[in-house]
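**Q** Annotations for this protein, taken from TrEMBL, read as follows:
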type	residues	note
REGION	1-25	region 'Disordered'
COMPBIAS	1-16	compositional bias 'Basic and acidic residues'
TRANSMEM	45-61	transmembrane segment
DOMAIN	45-458	domain 'Major facilitator superfamily (MFS) profile'
TRANSMEM	81-100	transmembrane segment
TRANSMEM	112-131	transmembrane segment
TRANSMEM	137-160	transmembrane segment
TRANSMEM	172-192	transmembrane segment
TRANSMEM	204-226	transmembrane segment
TRANSMEM	275-292	transmembrane segment
TRANSMEM	312-329	transmembrane segment
TRANSMEM	341-361	transmembrane segment
TRANSMEM	367-388	transmembrane segment
TRANSMEM	400-421	transmembrane segment
TRANSMEM	433-453	transmembrane segment
Amino acid sequence: MADNASDKHQDGEKGHASSTDGEGSHFVHDEAFERRLIRKIDRHLVPIVMLLYLTSFLDRVNIGNARLYGMEEDLNMKGNMYQTAVSVLFVTYLAFEVPSNLVLKKLRPSRYISVITTMWGIIATCTGLVQTYNQLIALRVVLGIFEAGLFPGMAIYLTFFYTRKELAVRIGYLFVASALAGACGGLLAFAIGNMDGIAGRRGWRWILIIEGIPSFILGIATFFLLPDDPESARFLSEDEKTYMHARRLQQQGETLDAQKFHWADVRACLKDWKVWGFAFAQFGADTMLYGFSNYLPTVLQQIGQWSAPVTQVLTIPCYFLGAVTYLLMARLSDHTQRRGIFCTLFGLISILGYAILLAPVSSSAHYAGTFLVAMGLYVLVGIPLAWLPNNLPRYGKRTTATGLQLTIGNASGIMAPFIYATGDKPRYIRGHAVSLAMVGFATLVYTFFWYWFTRQNARRARGEDDHILTNKTEKEIQELGDEAPTFKYIT
């Protein structure tokens, strides 16, 4: 039995012939049928998933656009009060990410995501009505509670429908949505800012109010549009649901029992050094994400002393380049089934961008530097969010690891505002230097994992760990998940 399992490991995942799924049913791979099925799932899921994250990210970072239209003046914000308002959201955001992931399946994604989206839409809209700084802080704290469940929940939710070979592109759609949120935020702020004075309200208030309303509407629609899993998807036929179930069990380690929640998997996750390595590398990459997203309008305004409307327009090409770059690289990553090489390469590109921002060069060169940062930003932040769950086939371990990865990563949202302190303008040397260092750290960690996973695959292919297979059935071997000598890591 061990020898047979080892032979299967050499082939990786089956993609052309019939095979058993380990639970007694029979599976025949139909490539044409599967392509049509995945396109169908994409049509029904991707638009709503992207809209959810777009509105979430927009409501989280549009405070950066509101800042340019009189928010600090109206709320009497001085010193680092703006930085505190940005960072305080992440205190509750971090506290609720892992618990949110653990209850997602039990509470049903359609209901849970609908409720939290509707609630943060109400809170985001009300932020435009605050009269004091303390009220702003209070709403930002509550906003973090409800937004905490979306991204980690979506990252796990997508694994219900897509295999490890398809995941990077679909996670990529979330980051394309965040880039679109940045671009749309700038464009909307440019347009909405002209409403300054209408109904006696300042432009910054209109930005927060108008950009918050779509989340409320989308939250209600989500209850009706988002299926909980393939079995509850009304747009799938019975044959398609059966195929989805069978193909899922063809993935390495994806047994029926492995897809149930077990506390033993949670404990295994907390003891796995690889999970912690990915989590702290995510912290480094997310420092760039939150620093860039919340401060790009401010940094650009200081670079060229441009007006607020012009600054908003100048943010759009940066986000557009970041979105296109990530989507192309995510597709290439899924096609080649490689992750590490993209993290290393685009981490270096972002480092070059920050080096230009730190250099005493012209304003146009500094603006060019922001494009290089944007090119690497979403690749370095997004690819690992597909890479780690790709290598964790057991549901309990995967969902805990993703929550932990995002929790520690998003902790950078507390720090990032303070490295771009108001007193550091116009160059923000400290902010750019810290960001460069953190991106460099993340790039080194991901390069190490690229090397380590490659080495482990070679070791397992040589059979050096096959002693673990002794006296185990094929099913018992599959239940070992990523610890099984037959499991092949995605590098």
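Placement of Cβ uses the backbone N, Cα and C atoms for every residue, glycine included.
Structural setting of the listed features?
**A** Remote same-chain residues near the transmembrane segment (172-192) are listed as 46, 49-55, 57-58, 61-62, 64-66, 68-69, 151, 154-155, 203, 206-207, 210-211, 293, 296-297, 309, 312-316, 318-320, 322-323, 326-327, 329-331, 374, 378, 381-382, 386 (criterion: CB distance under 8 Å, separation of at least six residues from the stretch ends).
Within the same chain, residues 269, 347, 350, 370, 373-374, 377, 380-381, 384-385, 387-388, 392, 401, 404-413, 415-417, 419-420, 431, 434-435, 438-442, 445-446, 448-449 sit at least 6 positions outside the transmembrane segment (275-292) and bring their C-beta atoms closer than 8 Å to a C-beta of that stretch.
Tertiary neighbourhood of the transmembrane segment (312-329): same-chain residues 65, 68, 169, 172-173, 175-176, 179-180, 182-183, 185-187, 189-190, 193, 296-297, 300, 304, 306, 342, 346, 367, 370-371, 373-375, 377-379, 382-383, selected by CB-CB distance under 8 Å and a gap of 6+ residues from either end.
Counting same-chain residues at least six beyond the ends of the transmembrane segment (341-361), those with a Cβ under 8 angstroms from any Cβ of the stretch are 285, 288, 299, 325, 329, 332-333, 368-377, 379-380, 383-384, 387, 429, 432-433, 435-436, 439-440, 442-443, 446-447, 450.
Panel annotation: around the transmembrane segment (367-388), residues 155, 167-168, 171-172, 174-176, 178-179, 274-275, 278, 281-282, 285-286, 288-289, 292, 296, 299-300, 303-304, 314, 317-319, 321-323, 325-326, 329-330, 333, 339-340, 342-343, 346-357, 401-402, 405-406, 409, 439, 442-443, 446, 449, 490 of the same chain, lying at least six beyond its termini, place a Cβ under 8 Å from a Cβ of the stretch.
Sequence-distant contacts of the transmembrane segment (400-421) (same chain, six or more residues past either end, CB-CB distance under 8 Å): 80, 82-84, 86-87, 89-91, 93-94, 97-98, 100-102, 151-152, 155-156, 265-266, 269-270, 272, 275-276, 278-280, 282-287, 289-291, 294-295, 298-299, 381, 384-385, 388-389, 392, 428, 430-431, 434-435, 438.
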**Q** Check the domain 'Major facilitator superfamily (MFS) profile' (45-458) for me and report the mean pLDDT.
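**A** The average pLDDT of the model in the domain 'Major facilitator superfamily (MFS) profile' (45-458) works out to 88.
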**Q** Determine whether the transmembrane segment (112-131) and the transmembrane segment (45-61) share at least three Cβ pairs under 8 Å, counting only pairs 6 or more apart in sequence.
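**A** Checked: the transmembrane segment (112-131) vs the transmembrane segment (45-61), in contact.
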**Q** For the transmembrane segment (433-453), could you work out the same-chain residues 6 or more beyond its ends whose Cβ comes under 8 Å from its Cβ atoms?
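**A** Beyond its ends, the transmembrane segment (433-453) has Cβ neighbours at 274, 277-278, 280-285, 287-288, 291-292, 339-341, 343-344, 347-348, 350-351, 354-355, 358, 376, 380, 384, 387, 391, 412, 419, 489-491.
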**Q** Looking only at the recorded stretches 45-61, 81-100, 204-226, which one has the largest tally of CB-CB distances under 8 Å to the transmembrane segment (137-160)?
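**A** Top-ranked stretch among 45-61, 81-100, 204-226: 81-100.
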